[in-house]
Amino acid sequence: MRIRGVSDFDYLLLLTMLALTSIGILFIYSSGVNSEGHVISREYLKQIVWAVMGVVLMLSVSMYDYHRFKDRTTLIFAGFILLLIYTRLFGRYVNGAKSWIGVGEFGIQISEFAKIAYILYLAHYLVYSQSEPMLKRFAKAGVITLLPMALILSQPDLGTASVYLPIFLVMCFIAGFPLRLIFAVVCVVLLTLLFTLLPLWEQTFLQYQGVATRIADSRMLSLFVFFSLSATSAVAVVGYLLSGRKYYYWITYALGMVSISYGASLLGVRVLKPYQMMRLIIFLNPEVDPLKAGWHIIQSMIAIGSGGAFGMGYLRGPQSHYRFLPQQSTDFIFSILSEEWGFVGGVIVFGLYLLFFLHTLSIMSHVDDLYGKLIASGVLGMFLFHFVVNVGMTMGIMPITGIPLLLLSYGGSSLWTAMIATGLLMSINARQL
């Protein structure tokens, strides 16, 4: 495998990453300035230190042949699973989630770095399992995905756990799985959320107990619905096996998704905390709880709207400096940027991310081996999901899940994860035939 020279180093990816990180540091600093112009937070200094260390990590990974991860991915992935278990048992709580380990003020979020281990291991499995039956291979890939997701969800950290799903879907698409399988997973996830949240939606927005609420409140009714759906699905399976008719297949396909989704929702209402479920629906109308669950979205939309075309000027945003906006250096950093730099600033950030995404697609199109292509697709899925959900959350069109905007939001673990992932892209791009 040929490594190209310094003249062919991926400067475009490096400069894009540095531009986004620099913008992030600017607005982390802005978030730490109060209404009197005094700096009350030193988060920006920590972010600068983490950024410098992250660049070193990124360049180190870029110089390492990504093929050499193949024989080590099982050990790396197993190590992170053990670390996630350790975090669940002995970690410390930060923002309501037991997701950090460390000593004193120094701590790391293992679930962030586990994304990289997961991408490497899933890519390795999908490459070396191509001779296995399709459904068996897809099911095993699903189990590999559910393992870290379940451990992270138990912390409970819904936002970080949810990132693994789009990574899985994008990598399975690149691996060549039929669209019907990928579509089925998407439908099951959406239906599970629907069945889980529908009773709360009735109570919060309609303010009465409808059919969904009455079924959810009765364990007997819930089990009856589940077993009825499962039995009907089983009958459809038997009909398809005996007759071979196509419509039995599609009935089984549809009813199977509904049955699995409803069964998963029965577990979901016991796993998700009440505040997590409220966050998932409050974006539909934050005014129903403007001082609690809806406060973040309302203040974020005010900040973005007040920025106008050119913004109110750097360090001149009242929403952030008067501390109206919670989590403004992390989850809602895009709101500060839009308030102070306006629509133009938002377009600049959008353009930089678009450049990152298109360049990653270009790398994928030129990679000769499936392993490298799968790793790049996993990185793309991770970055794209973070971007869409975080920006959509600040605009009030996506639920609040606590997902940071990679490279911009404050936080060493997420920043290092993003930079290590960028280093993997550089390593792949530098070793094309």
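The backbone N, Cα and C atoms fix where each Cβ goes, glycine too.
For reference, Swiss-Prot has these:
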- 9-29: transmembrane segment (TRANSMEM)
- 44-64: transmembrane segment (TRANSMEM)
- 74-94: transmembrane segment (TRANSMEM)
- 100-120: transmembrane segment (TRANSMEM)
- 158-178: transmembrane segment (TRANSMEM)
- 181-201: transmembrane segment (TRANSMEM)
- 221-241: transmembrane segment (TRANSMEM)
- 249-269: transmembrane segment (TRANSMEM)
- 295-315: transmembrane segment (TRANSMEM)
- 341-361: transmembrane segment (TRANSMEM)
- 378-398: transmembrane segment (TRANSMEM)
- 400-420: transmembrane segment (TRANSMEM)
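Contacts between the transmembrane segment (249-269) and the transmembrane segment (74-94): absent, as fewer than 3 C-beta pairs lie under 8 angstroms at sequence separation of six or more. Same-chain residues lying 6 or more positions outside the transmembrane segment (221-241) and placing a CB less than 8 Å from one of its CB atoms are 214-215, 248-249, 251-252, 255-256, 258-259, 262-263, 266. Of the two recorded stretches, the transmembrane segment (74-94) lies close to the transmembrane segment (100-120), with three or more CB pairs under 8 Å once pairs fewer than 6 apart in sequence are set aside. Ranked by Cβ pairs under 8 Å to the transmembrane segment (44-64), the stretches 9-29, 100-120, 181-201, 378-398, 400-420 are led by 400-420.
Cβ atoms under 8 Å from those of the transmembrane segment (158-178) belong to residues 99, 109, 111-112, 115, 118-119, 122-123, 126, 134, 138, 141-142, 145, 148-150, 152, 185-186, 189, 272, 276, 364, 370, 373-374, 377-378, 380-382, 384-386, 389, 401-403 of the same chain, restricted to positions at least 6 beyond its ends. The stretch in 9-29, 181-201, 341-361, 400-420 that contributes the largest number of Cβ pairs under 8 Å to the transmembrane segment (100-120) is 400-420. Each of 9-29, 181-201, 400-420 was scored by its Cβ pairs under 8 Å to the transmembrane segment (341-361), and the highest score goes to 9-29.
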